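Engineer: Quick one: structure below, then a few questions.
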Amino acid sequence: DLSTRSPNQHFCALLACEAMAESAAAAGQSSSVRKSGVPVFVMMPLDTVKTCCGSGLNHRRTMARDLAALKSSGVEGVMVDVWWGVVEGEESGLYNFEGYMKLVEMARDAKLKVQAVMSFHQCGGNVGDTVNIPLPRWVVEEMDKDQDLAYTDQCGRRSYEYVSLGCDDVPVLDGRTPIRCYTDFMRAFRDHLAGFLGDTIVEVQVGMGPAGELRYPSYPESEGTWKFPGIGAFQCYDKYLLNSLRMAAVAAGNPDWGLGGPTDAGGYNSRPDDTDFFRQDGGGWDSEYGQFFMSWYSRMLIEHGDRVLSGAASVFGHEPGVRLSVKVAGIHWHHGTESHAPELTAGYYNTRRRDGYLPIASMLGRHGAVLNFTCVEMRDEEQPRDARCMPEGLVRRVAAAARGAGVGLAGENALPRYDDAAYDQVLVTAREERMVAFTYLRMGSDLFQPDNWRRFAAFVTRMSEAG
C-alpha cells in the first residue's frame, strides 16, 4: 500500500486540507445547512481497490487524509466503481469484496457517504480510462467460445466492453444468464456490506453498458477506432440481436428489414452529411425503414435497462436509505443537426422532432431510479463549431424528460475540469434543473493542487446554497 505521490504532492494535499478547513470555518456552515443544497460527491480513482486480488487498497496511507480533506470541504461523499472483473474475476459465483469493505469503512470513519457503482463493464478503451480492468476471466472465456456474446458492428468488429444485451435472458455464462449474473452480483454486494447500507452506502448506481452507461458501445476509442466528433456505428450484428431484428421485421410485415442495420450509415468517424442515412434532407433515418429500425434498436436498449433494474430493485428495493441510479451518456456532438446521428448509434432515438429521453426516464421512474447525466459542465461556446455541439440544449432536454417522468436528475462532469467557468456552469444547471446530486470527476493529485483545491472548495460551498 505504498503511495506513489511525490513529497510535493503530499505537501500540496496537506495545504489543501488546511486551506479548506479554514474556509469551512469562515463560512460557518453546519452539515445540516449543507444538506439543504445540492450534495457533491467525488469519484474515487478507477484503481482504488487493487485489481490483482480485490483485497487491498492502493495509496491507503494517504487515502484517510484525502477523505478527511474532502469532508472538510463540505463534500457529501465519494463514488467508487465496484468492478465485476475484480470481485468475481476468477470464478463464477466466487466474490471477494474485502477491498471494498475496507474502503467503505474508511469512508464511514471520515463521515462520508458512498455511491457504489455496479460496474459490469470493462475499464479501458473509453474517455478517461487510465487503467485496464477486463471483464471476469470466466466471462471472457465464454465470449471467446461464442463471439456473438460481444457487441458487433457491420464490419464484424467485436467489443469486449460489455456482454451484448441480445443474450440477456440466455444461459450463456457458465449456465447463468447475464441478467442472473448481474443480479447475483448485486445480491452478494448487499449481503457482504449489509451493515453499511442506508447509513454509509446511500446510492447504488447500476451499470448498464460501456463506461457504466445505458448505451451501446458505438464510439470506442480503443485502437483509434473512433475519434471525436465521429458519428459512431450501430452495434446490432451479433447473432442474438440479429435474430431479434429478424423477428421484429417479420412482425412489421417487412422481412427484408431484418437482414441487418442500415447499410448507408457511414463509419465510426463519418460526419452526418457524409452519409445517406443521417443527412439533413431526406436521410434514411426519417424514412419508414429508418423509423422501424431506430424504434427497435432503442427499444432493445430500454428493455435491457428495465431487466437489469428489475434485478437491482429486487435486491435493494427494500433497503431504507438506498436509492438506485442509472447513468445516461451526454452525447452532445452533432446535437445541432436534425438526425443527432451519434445519439442514434448509441441507442438514444432522439432527433430534432422526437424526444428519445422521455422513454428512458419513464423506464427509470418505474423502478424509482435517479437519472444521472454527464456533460453538465460544458458550454456550447467552448465546443468546436464544425462538430455542431449543443451540450447546454441537450442537458435542458434531458432535464425536461426527467421532470416529465417524475424522476430525480443528478449530474456529472464529462471531463476533468478545475476552472471557474466549468463550476459556474454546473451551478447554473443545478439551480435551474433542480438537480438532486452532483458527482465530480475525479479525486487525484491534480485536484489537491492548492489553486485547484481552493476553486473546488468554493464550488462545494456554492452548491450547498443552491437548494
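Every residue, even glycine, has its Cβ placed from backbone N, Cα and C.
So TrEMBL lists these for the protein:
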- ASP81, HIS121, ASP129, LYS327, HIS332, THR374, ASN413, ALA414, ARG442: substrate binding site (BINDING)
- GLU213: active site, proton donor (ACT_SITE)
- GLU412: active site, proton acceptor (ACT_SITE)
Engineer: Let's check the environment of GLU213 (active site, proton donor): how many other CB atoms sit within 10 Å of its CB?
Structural biologist: 24
Engineer: Do me a favour and check the Cα-Cα span between HIS332 (substrate binding site) and GLU412 (active site, proton acceptor); whole Å is fine.
Structural biologist: 14
Engineer: As a test of the contact definition, list every same-chain residue at least 6 positions from ASP81 (substrate binding site) whose Cβ is closer than 8 Å to its Cβ.
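Structural biologist: Listed in sequence order: MET44, LEU46, THR48, VAL117, SER119, CYS123, GLY212.
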Engineer: Who sits close to GLU412 (active site, proton acceptor): which same-chain residues at least 6 apart have their Cβ under 8 Å from its Cβ?
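Structural biologist: The list for GLU412 (active site, proton acceptor) reads MET43, LYS327, ASN372, PHE373, THR374, VAL376, PHE438, THR439, TYR440, LEU441, given in order along the sequence.
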Engineer: For ASN413 (substrate binding site), which residues in the same chain are close in space, meaning a Cβ under 8 Å from its Cβ, but six or more apart along the sequence?
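Structural biologist: Those within reach of ASN413 (substrate binding site), by Cβ under 8 Å and sequence separation of 6 or more, are THR374, CYS375, VAL376, GLU377, ALA422, VAL426, TYR440, LEU441.
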Engineer: Within a 10 Å radius around the Cβ, which one of these binding-site residues has the most neighbouring Cβ atoms: HIS332, ARG442?
Structural biologist: HIS332
